[in-house]
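Participant: Please read through the structure below; I'll follow up with questions.
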Amino acid sequence: MASDLAVPDTAFDHQQQLLKNLARPAARSLGVYNAGLSAEVVQQKYGIARIAKLASNENPLGASPQVVAALEADAQLCAIYSDASSAALRKALAQDTGVDAGNIIIGNGSEDILHMLALAFLSPGDRVVTLIPSFGLHEIFPRMMGADVTMVGVNAQQQFDVEAWETALTTPAKMVIFSNPSNPVGCMLNREGFARIIDAAPQDCVLVIDEAYFEYCETDADYPDSLRVLAEQSRPWIVLRTFSKAYGLAGLRVGYGLASHPELVSLLDRVRTPFNINRSAQVAAVAALQDKQHVRDSIALVTREREIMQADLSALGFHVAPSYANFLFFDCGRPATELAAELLTCGVIIKPWRETGYEQWVRVSIGNEQDNRQFIDSLKRILAEDGA
Ligand SMILES: *Cc1c(COP(=O)(O)O)cnc(C)c1O
């Protein structure tokens, strides 16, 4: 803000240009992550009491009551630094996953681990292969380091295009990264496809499998048991999971990575900030792991409500991609940003997609029954007004 100190416009502009020149070229040209709007902002701007926040794939049940109790019990200790090694949480995760604690890295959200991976491994010109449409940070963090990013599209049925992946992976790459199930599409790479992509990936790359939505399909017979498959490979890999979705801890920021080798964890430890996981996040995550019933209840709610929303959207004539996660991705038949703006005036926040070729697609999270009704009813009203 120049106004307070009354700096002349020319000096203000000069400084802006200077900063751009000082910045690393890769940072200067970086895209900005589309993080979406908060419920409070929309509430104030449109004066709407009830907001259906369906843009960030949060858990409509919230966190387990056991998590809330654990946070309350720890609140008095907020003057004390957190454990920089997250030892208790890594131990709990080792028990939960069967992976040695020494092979586990904790992040301030799994996005923090994506950031560490970029810092630790990528240099200008390195090649990264990922998916499109994609989780924005799979592209943004590699570009931040000056890497070249190859993006492999989904096929016409909005499924992983395994052949296209195999072709893309014939060229050397430093890192291969995709989410399974995918965000934003919701498609699942099955066992066979997973094995083929792993086989095709260069032996000397880092495989990053982002399983942010693991809990929503871990019991599906077609979902690859990535840890088992990858354990048979003597090559670098890391599987990322998070407490933000099925565990309902998005606001606390805690995710984890299960790595092929302690050296991978050690490399990530060097590039992270020392106290990246705050006390509350560590305490809450340990408590969350002890309440699996809450996770099962969350998944049951999402599965039930997803079917209803999928049917409602199809009945309205929209093409909806099949989803294995807690959101749906559909072609809304018009610029998605326009529909998103109209829905905002009804108190509904969704995520309009912005990647090339997907400007008419929106991603909507599965909320509770009331949120989902508000979304579908608002959508019907908008369509009716357009038709009138
Ligand atoms: C939500 C999401 C994340 C981020 O999770 P955090 O742990 O909250 O940082 C990572 N990857 C994918 C694919 C996601 O959808």
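The backbone N, Cα and C atoms fix where each Cβ goes, glycine too.
What TrEMBL shows for this protein is this:
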DOMAIN    52-379  domain 'Aminotransferase class I/classII large'
MOD_RES   Lys245  N6-(pyridoxal phosphate)lysine
Participant: Using a 10 Å radius around its CB, how many other CB atoms surround Lys245 (N6-(pyridoxal phosphate)lysine)?
Facilitator: 29
Participant: Check the domain 'Aminotransferase class I/classII large' (52-379) for me and report the mean pLDDT.
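Facilitator: Summarising the domain 'Aminotransferase class I/classII large' (52-379) by its mean pLDDT gives 97.
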